[in-house]
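What follows is a set of notes on a single structure, which appears directly below.
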């Protein structure tokens with residue numbers, strides 16, 4: 001670097017931030033920024049006149065208490081700035097600041113010996129060159145200093161300020177006194193103290209400073225990250241504020257538009273009604289005017305006849321006159337056109353809505369720390385994504401701020417909505433625990449198409465959605481029962497459940513057995529084994545077999561009994577695909593004792609094949625026919 005550029009940089013570095021001049025008597029504040037003592041004290045004076053007890057650092061704005069003495073003269077001096085001032089004084093021609101370190105004449109220095117680390121006047125410089133001991137030293141004239149020389153001058157050792165020690169550099173550090181000392185000081189004043197080399201002491205403190213700097217760098221990364229998040233949050237908040245402004249403008253504009261459209265529609269209707277009335281009024285008025293004119297003409301003509309009083313004329317015109325009068329009178333009997341009466345009647349709820357609009361407007365502003373994007377809504381059960389109508393869904397909602405922390409704001413608005421919107425409303429109950437937790441219970445309405453159940457926080461939908469699927473679309477296999485190591489299913493063709501015990505019986509056609517299970521399909525036992533000659537096709541709970549599977553009685557012979565049910569009177573209803581004697585399908589009702597109570601066969605034929613039977617709650621018997629593709633209802 002050029003020496004002039006170096007001095008320019010040093011001048012900038014030694015500039016006081018307050019007066020923008022070279023710092024004088026530099027003092028360092030606890031925030032590590034340095035200023036002229038005069039500038040700091042003047043700053044204190046301004047603060048005192050404003051009755052303030054603190055000042056702010058002009059650079060970093062850190063607060064500091066004003067000393068009782070109203071001066072910062074007790075602050076530590078800046079070692080670095082004082083050294084810079086010494087160097088800058090050389091460049092500015094102010095070399096008188098430095099005096100010769102080799103003589104007591106206080107002569108202006110003209111050179112610097114980098115070996116002796118001393119400033120020399122002209123006479124001492126000449127002597128320095130003559131003496132054999134110092135002749136080979138590196139001496140540089142002040143006016144010929146180079147950038148490297150200036151750097152070395154800045155790094156030169158500090159000389160002791162004790163009397164008679166002026167030519168001694170501070171090479172040691174006293175741990176007891178916490179101060180730098182020269183060799184003479186170590187022998188004279190600190191001989192009983194722990195003294196170490198200044199490089200060792202500086203190395204130890206350099207480690208601490210390095211740790212502090214590294215910690216500060218890490219803090220910078222943390223603070224910058226926070227700052228970036230703050231900027232991001234502020235941008236998001238600003239965007240949301242603009243969106244809220246746009247939304248309220250849109251809502252108000254929509255309301256104004258709706259009202260204006262209503263106003264225009266009413267006025268248009270009034271105009272059209274009035275136009276029609278005016279047209280009818282004009283026609284009726286012309287009719288009345290014509291009738292009046294005709295009557296006036298008739299009166300004038302009649303008066304003339306009467307005035308002339310000629311008997312022959314009177315007799316001749318009497319019939320014509322009366323006929324004309326009758327004709328005109330018919331027109332005169334025209335009714336008056338009744339115009340409509342107009343008034344504008346407000347809706348019954350208008351006053352209520354006007355009060356609501358006046359007090360709270362069409363909506364309300366919510367300013368909350370809650371971030372809907374981070375708020376979570378869990379579902380019970382947790383894996384539930386699809387529900388049937390009329391079923392209950394329970395959400396556990398937790399509102400959180402932008403840092404993901406749980407937060408509560410009493411103004412937060414939690415709603416449950418159906419998308420697309422439906423005329424049917426869901427039944428919901430929202431419990432607010434006032435700590436950021438909500439319990440939301442929803443009964444889904446009956447719908448004819450797929451809809452989404454959505455939770456909104458402050459008008460913003462959460463990411464978790466539950467789909468409502470109508471009954472006709474809803475199919476779900478809850479569980480598959482597969483027996484292993486017990487009785488395997490082999491062509492199970494009929495199943496029944498006991499109303500008393502909830503046990504389940506299965507007619508296992510493939511192996512000729514009737515199997516019994518509990519309500520969870522845990523195998524209990526084999527009720528009866530028809531194998532190998534017979535195979536059960538249907539099963540129902542009755543008393544034909546006891547609980548141990550003992551056969552109690554036969555009900556008769558059937559060709560192909562395919563369906564079995566129990567009616568409300570505990571009778572057995574059996575459908576037989578074909579009678580063996582007359583080859584006719586039938587459905588018969590037996591008592592548990594085997595007596596035939598009734599039969600249904602009139603509508604069945606040889607081509608019919610009743611294969612299943614069921615009894616409704618009101619006692620009707622349903623029979624399915626797989627050949628006729630029909631279901632018969634018998635009462």
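Keep in mind that glycine also has a Cβ here, set from the backbone N, Cα and C atoms.
What TrEMBL says about a protein is an automatic prediction, not a curated fact.
Pulled from TrEMBL:
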- 16-60: domain 'RING-type' (DOMAIN)
- 95-142: domain 'B box-type' (DOMAIN)
- 155-198: domain 'B box-type' (DOMAIN)
Confidence summary (mean pLDDT) of the domain 'B box-type' (95-142):
78
Under DSSP, the domain 'B box-type' (155-198) has how many residues in helix, strand and coil?
7 helix, 11 strand, 26 coil
Tally of residues which DSSP labels helix, strand or coil - the domain 'RING-type' (16-60):
13 helix, 10 strand, 22 coil
Could you give me three numbers for the domain 'B box-type' (95-142), the DSSP helix, strand and coil residue counts?
13 helix, 14 strand, 21 coil
